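Lifted from TrEMBL, the feature list:
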- 15-42: transmembrane segment (TRANSMEM)
- 63-92: transmembrane segment (TRANSMEM)
- 98-123: transmembrane segment (TRANSMEM)
- 135-166: transmembrane segment (TRANSMEM)
- 186-208: transmembrane segment (TRANSMEM)
- 220-242: transmembrane segment (TRANSMEM)
- 262-286: transmembrane segment (TRANSMEM)
- 293-313: transmembrane segment (TRANSMEM)
- 364-441: domain 'Cytochrome c' (DOMAIN)
Amino acid sequence: MDFPIFHLDGMGNRMLIAIIAIIHVMINHPLAVGIYPLITLLEWRGKKQNNEELDQFAKRITFVVFLITTSLGALTGVGIWLSTSLVAPFAIGSLIRVFFWGWFAEWLVFITEVILILIYYMTWDRWKEGRAKSWHIGVGVTLSIMSWATMAIIVAILGFMMSIGAWKEGSSLLTAVFNPIYLPQLAFRTTLALATAGLFTWFLIGLIPKSQQELRLQMTRLVSGWTLFWLPFWGLASWWYMSVVPEAMKGLIPLGMMTQKFITWQHAMLWASVGVISFIAVVAAAGLFKPKWVPRVALLAPFFLGIALLGHFERVREFIRKPYVIAGFMYSNGVRVDEVEFYRQNGILPYSTYSSVTKVTDDNKLVAGKDLFVISCSRCHTTAGMNGIDAKLTKLYGEQWDEAQMTAFVRGMHLSHPYMPPFPGTEQEAAALVAYLVDLHENPAVIEGAQEVGIPHPIGVAKPDQPTGRLDDGNVAAALPEILKQAERTLD
């Protein structure tokens, strides 16, 4: 608990990350990874058939992909780093220590990929004939490999966050990379990216004007064959991926699919997903064998349906990892698994650098309770916004809250709610948290994060003569050594 706490009390921290990450995945999978092999295949076929119209359509697809991936795709990629570093610096710090060289390699691959994209598009009309065209197709093949390699590295980190495997025993980069989830998830995401690339290309085909009817039919047949080819492999990869998901996480899938309020709708959601996939398969089969039968709307709709499923999958994947941010190693509130028992016996406030108090007393009970909420609960909960704690407790207890009963619940909530981490504090701290929540229920208030109110002066550092006790340019240098020591202890 050695970082100032960023908090959004309206939309919530997790929603900030979810919006950015899901948009990024929606762009990354079909466009940054899956579509370059398809574009390269279309270019190769255009060369083989001496079909200039097909070649130029492949170029137009590349232009659209280039614009989207280097603008919104790049922005959301950086946005994931920024948002996760703000909300969960403890988790990002731990992952960097494990995957430093992996991320370094990914950065080199990404830079190479960007350079190749520029070369691939900018030389399209220059390298048109003979050996030059073959070289250009070779650039497309290399770009396809590099774009997949970027995902292959990142998927290792995502898999590690779901299951660390034998890493605790070996603590090496290789044991972290080849975690039990890695290869199945990589197969799943690879085939998903290739299939959804076909859906995006269908969407572009649907925009071809009627004056180019022959091109539309030809492209529909080609891309439908591509999509239909990858769907069975995606199905097999999905089964493989599901088979290695830990049982505890599988138990949370129904809740992750539809939230607590609509959990009884899980079967309807499952059948809706099956319906969408079946519809895509039917369109692909019709497009391959009878492209004239496929109306324009049938080419446009699958892309939006597929993207919706992809976004929902990401929501479920993130949810079933709870109560962990790194499975078996660190809880979602930043407390390591091996630290919980210590905090439950000795308290977390004395070891929280930016807490206002170190010990609960009758005089500071509400202040301590607020600090405990921010430290232990605010990564997932707000006061009255998204996933608001007041609404959750009102649904559980009604309008009359019993503090003793609530304190007992807080101490054991992880037993009845497996997606909740254990409360990392003493019974006295749990009582202070409950007292604050009761006061919050009676006197609603918004919690402002460090980004709004400033950074509290760290405990253990002598305060200069300042009425606010906040760090500013005048005293940050004096506090920096202690801040760095605290951060180093967190990352070790």
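Cβ atoms here come from the backbone N, Cα and C positions, even for glycine.
Beyond the transmembrane segment (135-166), the same-chain residues lying 6 or more positions past its ends with a Cβ under 8 Å from any Cβ of the stretch are 28-29, 32-33, 36-37, 39-40, 43-44, 47, 95, 98-99, 102-103, 105-106, 109-110, 112-113, 116-117, 119-120, 123-124, 127-128, 175-182, 185-186, 189-190, 193, 244-246, 249, 317, 321, 324-329. Non-local neighbours of the transmembrane segment (220-242) in the same chain are 38, 41-42, 45, 181, 184-185, 187-188, 190-192, 194-195, 197-199, 201-202, 205, 250, 277, 280-281, 283-288, 291, 294, 299; each lies 6+ residues outside the stretch with a CB under 8 Å from one of its CB atoms. For the transmembrane segment (262-286), the list of distant contacts is 198-199, 202, 224-225, 227-228, 231, 254-255, 293-294, 298-299, 301-302, 305-306, 308-309, 312: same-chain residues at least six beyond its ends, Cβ to Cβ under 8 Å. Mean model confidence of the domain 'Cytochrome c' (364-441) amounts to 94 (pLDDT, 0 to 100 scale). Within the chain carrying the transmembrane segment (63-92), a Cβ under 8 angstroms from the stretch's Cβ atoms is held by residues 2-3, 6, 13-14, 16-17, 20-21, 23-24, 27-28, 31-32, 35-36, 39, 114, 117, 121, 204, 325-326, 330, 332, 334, 379, 451, 490-491, all 6 or more beyond its ends. Counted with DSSP, the domain 'Cytochrome c' (364-441) comes out as 50 helix, 2 strand, 26 coil.
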